[in-house]
Amino acid sequence: MNDQSITVRGKDRYKSGVMEYKKMGYWEPSYQPNDTDVIALFRVTPQDGVDPVEACAAVAGESSTATWTVVWTDRLTAAEKYRAKCYRVEPVPGSPGSYFAYIAYDLDLFEPGSIANLTASIIGNVFGFKPLKALRLEDMRLPVAYVKTFQGPATGIVVERERLDKFGRPLLGATVKPKLGLSGRNYGRVVYEALKGGLDFTKDDENINSQPFMHWRERFLYCMEAVNKAQAATGEIKGTYLNVTAATMEDMYERAEFAKELGSNIIMIDLVIGYTAIQSMAKWSRKNDMILHLHRAGHSTYTRQRAHGVSFRVIAKWMRLAGVDHIHAGTVVGKLEGDPNTTRGYYDICREDFNPMRLEHGVFFDQHWASLNKLMPVASGGIHAGQMHQLLDLLGEDVVLQFGGGTIGHPRGIAAGATANRVALEAMILARNEGRDYVHEGPEILAKAAMTCTPLREALEIWKDVTFNYESTDSPDFVPTVTPAA
């Protein structure tokens, strides 16, 4: 694109009237971002007839200091410093009419340690700007100076494993089904059977809070009774994610405190409670030595569409800053949205100390995490024991594998479903540790384990090779190609 700055300088810059954004200082192709700049990558789709550079400069302006006309009060500020600067515009491969806009923001534009303030600028009014057909925030580079103003995950992967005394394998969980309608007593029964059968965790679903069929306090009491009985029966540390999501912060704190009094080691919140509430609960969780699970309920309303919204990789970065310990991050092989390479990028953001740029995973920037704790990704939605070798290969061992229907839908009952998943996992971990090619030998390994485990045999028979093979709506724009040797 045009690599010449056309910024109007001097007194002409502040003459009353309307001026193109690219002439107001929001397009600076010669700008070299500072180490302390926040950098955002937007996918910009201008309306027909709108100059792409002007559209991208407008995004920079409207997400920082600009308004629709020149204002003389700009002269009362360090305007040159505080203007966001679009310094690079390039076409999106394979998407005619869309452009990547790289925009740098001075660190002083953002309140330290506040996701709400960051998002008010980056995804605020600019997303409704008329000259744009669509706008999507694809990725961000968050400088170390900014990262260090955040708490980060309240517990982190290492300490969570130490508390659970479980190492060297994925953790296993299940969401209680049906998610709505059970009484407290029957809900607790599901929790007990699943934990006794071999799972590490059970979990509330996103929309179970406090309804006429089951008050939250009743659910907490029955669930923790089940956890304690399962721990006594198995000799293992168990947990259940008690959803404390509620109408007000006061209600959420009350529920979290009650969970703590009952001896729970983990609570749960939903993404829909908002960024400030998430950070508040993360702060409470660290203070009270509680693992904090985040269900990403609602994210697909703005992460799933390729042209407009916010990429989940950005949400994952924000949530690592905010301080949650678990986040649902996709399964690749399950029923929910998840391109393999894109999902790997999400998992890397959660679990690495440093994320190098990997365009094939949709990661556009190097990202240093400045010693923030690692975030445990959670895989859930349409997975079952027959996919264990694929899940271990694709997602690694620092992950919670949530088999909801794949546990509770077992023909022999909940405990049998849990046992099937645990035996499948243990068989695959043993094969991996022995150096076997468990990815290609996976079906054979599972079949052999099933010879001495009736629940696993039945699980493999009923679900066989069930998969949800639909084309992903959000896949990387850059695909690695093999270069022939000279």
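Cβ atoms here come from the backbone N, Cα and C positions, even for glycine.
So that you can see what the record holds, here are the features copied from Swiss-Prot:
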type: BINDING; residues: Asn125, Thr175, Lys179, Arg296, His328, Ser380; note: substrate binding site
type: ACT_SITE; residues: Lys177; note: active site, proton acceptor
type: MOD_RES; residues: Lys203; note: N6-carboxylysine
type: BINDING; residues: Lys203, Asp205, Glu206; note: Mg(2+) binding site
type: ACT_SITE; residues: His295; note: active site, proton acceptor
type: SITE; residues: Lys335; note: site 'Transition state stabilizer'
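Using Cα positions, the member of the recorded positions Lys203, Asp205, His295 nearest to Asn125 (substrate binding site) is identified as His295.
Per the record's binding annotation for substrate, residues Asn125, Thr175, Lys179, Arg296, His328, Ser380 show a top Cα-Cα distance of 37 Å. Closest to His295 (active site, proton acceptor) in space, going by CA atoms and restricting to the binding-site residues Lys179, His328, Ser380, is His328. The DSSP secondary structure for Thr175 (substrate binding site) is strand. Packing around Glu206 (Mg(2+) binding site) is summarised by its Cβ count: 20 other Cβ atoms lie within 10 angstroms of its Cβ, all protein chains included. Separating the Cα atoms of Lys179 (substrate binding site) and Glu206 (Mg(2+) binding site) is a whole-number distance of 8 Å. When the neighbouring Cβ atoms lying within 10 Å are counted for each of the recorded positions (Lys177, Lys179, Arg296), the highest count belongs to Arg296. Residue density at His295 (active site, proton acceptor): 26 other Cβ atoms are found within 10 A of its Cβ, drawing on all protein chains shown. The separation of Lys177 (active site, proton acceptor) from Glu206 (Mg(2+) binding site), Cα to Cα, is 12 Å. Ranking the recorded positions Thr175, Lys177, Arg296, His328, Ser380 by Cα distance from Asp205 (Mg(2+) binding site) puts Thr175 first.
When the alpha carbons of Thr175 (substrate binding site) and Lys203 (N6-carboxylysine) are compared, the span between them is 5 angstrom. In the structure shown, the C-beta of Lys203 has more C-beta neighbours within 10 angstroms than that of any other entry among the recorded positions Lys203, His328. In this structure, the CA atom of His328 (substrate binding site) is 12 Å away from the CA atom of the residue listed as 'N6-carboxylysine'.
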